[in-house]
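Structure, as structure tokens:
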Amino acid sequence: MSPLVLSILMSSLALGTMITASSHHWLLAWMGLEINTLAIIPLMAKMHHPRAIEATTKYFITQAAASAVILFSSTTNAWATGEWDIMNLTSHLSTTTLLMAILMKLGVAPFHFWLPEVMQGIDLTTGLILSSWQKLAPMALLIQVSPNLNPQLLFISGIISTVIGGWGGLNQTQLRKIMAYSSIAHLGWMMTALTISPELTTLNLVIYIIMTTAMFLTLKMFSSTKISTLSSSWQKTPTLAAMSTLTLLSMGGLPPLTGFMPKWLILQEMTKQNATILATMMALSALLSLFFYIRLTYTMTLTTHPNTTSSTQLWRFSTTQPKLLLMTSATASIALLPSTPLLLSIML
């Protein structure tokens with residue numbers, strides 16, 4: 001893909017997200033989502049492989065259906081209230097259909113079926129964009145309309161997402177599918193926190209994007225798409241393998257790493273709201289995700305690749321990939337827990 005076309009597509013991605021996040025009119029928000037979808041389609045199909053074309057088609061059909069439902073919801077609300085303002089969402093039919101459409105766009109259970117298949121068919125860079133940047137615009141809409149949404153539906157979808165995100169990743173050997181189920185599980189935590197504290201949802205989203213960016217860039221550095229190929233990472237770059245191990249444990253929510261912060265704060269807030277049973281179910285479902293993170297950690301650090309030597313390789317081709325973003329995101333995904341009081345004072 002030529003640099004000019006790539007810059008136009010990336011600019012369109014940024015423009016669509018900014019239009020949706022800053023709009024107060026439903027048609028503008030819908031237009032931003034459509035720009036976002038149309039800009040990532042060429043990036044997904046650029047490999048000219050049948051799996052990539054299949055993934056692109058599935059993504060386009062799902063996003064087009066969700067956008068149509070959003071347009072139907074906003075039109076129904078405008079018919080009932082006479083206004084197109086995003087904050088003025090009062091119709092019960094509109095709120096329910098809008099929630100279903102945004103959950104479908106994000107890939108939250110029970111509308112998650114497209115996400116693992118689409119992630120498996122695209123490359124790691126596009127998978128990073130799909131797992132991080134493409135979540136911003138729908139989440140911005142969801143946070144804006146969160147006071148009007150049905151909390152029971154959000155709680156149910158959040159619990160189902162955390163369970164399915166952990167359960168679905170247990171038997172996977174493809175790293176992109178594992179990252180897709182990880183995304184579903186993290187989105188479940190965000191949905192559960194949305195009705196209690198939208199600020200915690202925003203904090204969880206930011207930390208999730210940091211950890212996912214670090215993990216995808218690490219996999220791209222190792223050129224790994226299967227679990228079996230991770231076993232040679234320790235011989236290639238021991239420092240990066242150690243950082244990746246801590247990043248994986250942080251995604252699982254182990255203290256004293258960054259990923260423990262949002263889970264701790266969400267469980268604490270749910271306990272304050274007398275949702276102890278729900279908090280217990282969420283904490284137990286996190287153990288499912290933690291299992292396959294530990295499985296990746298074991299493969300990366302404690303498994304010897306079947307080659308002629310088990311020592312560190314003395315030479316290798318130097319990579320041309322940028323390392324600054326990788327090291328920054330990896331460090332942030334490990335060491336932000338002590339800054340929890342500062343982040344809470346800023347956001348709450």
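Including glycine, each Cβ sits where the backbone N, Cα and C put it.
Any TrEMBL annotation is an automated prediction that lacks curation.
These come from TrEMBL:
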- 1-16: signal peptide (SIGNAL)
- 23-288: domain 'NADH:quinone oxidoreductase/Mrp antiporter transmembrane' (DOMAIN)
- 59-80: transmembrane segment (TRANSMEM)
- 92-115: transmembrane segment (TRANSMEM)
- 152-171: transmembrane segment (TRANSMEM)
- 202-219: transmembrane segment (TRANSMEM)
- 240-257: transmembrane segment (TRANSMEM)
- 277-294: transmembrane segment (TRANSMEM)
- 290-344: domain 'NADH dehydrogenase subunit 2 C-terminal' (DOMAIN)
- 324-347: transmembrane segment (TRANSMEM)
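No contact links the transmembrane segment (240-257) to the transmembrane segment (152-171), because fewer than 3 Cβ pairs that are 6 or more residues apart lie under 8 A. Sequence-distant residue pairs (6 or more apart) of the transmembrane segment (202-219) and the transmembrane segment (324-347) include at least 3 whose Cβ atoms are under 8 Å, placing the two stretches in contact.
Same-chain neighbours of the signal peptide (1-16): 32-40, 42-43, 46, 129, 133, 137, counting only residues six or more beyond its ends whose CB sits under 8 Å from a CB of the stretch. As a whole-number mean, the pLDDT of the domain 'NADH dehydrogenase subunit 2 C-terminal' (290-344) in this prediction is 78. Residues 96, 99, 103, 108-110, 112, 116, 177-178, 181-195, 278, 281-282, 285-292 of the same chain sit 6 or more residues outside the transmembrane segment (152-171) yet have a Cβ under 8 Å from a Cβ within it. Under 8 Å from some Cβ of the transmembrane segment (92-115) lie the Cβ atoms of residues 33, 58-59, 62-63, 65-67, 69-70, 72-74, 76-77, 80, 135, 138-139, 141-142, 145, 148-150, 153-154, 157-158, 160-161, 163-165, 180, 183-184, 187-188, 191, all in the same chain and six or more residues away from its ends. Tertiary neighbourhood of the transmembrane segment (59-80): same-chain residues 26-27, 29-30, 33-34, 37, 40-41, 44, 88-91, 93-95, 97-98, 100-102, 104-105, 114, 118, 130, selected by CB-CB distance under 8 Å and a gap of 6+ residues from either end.
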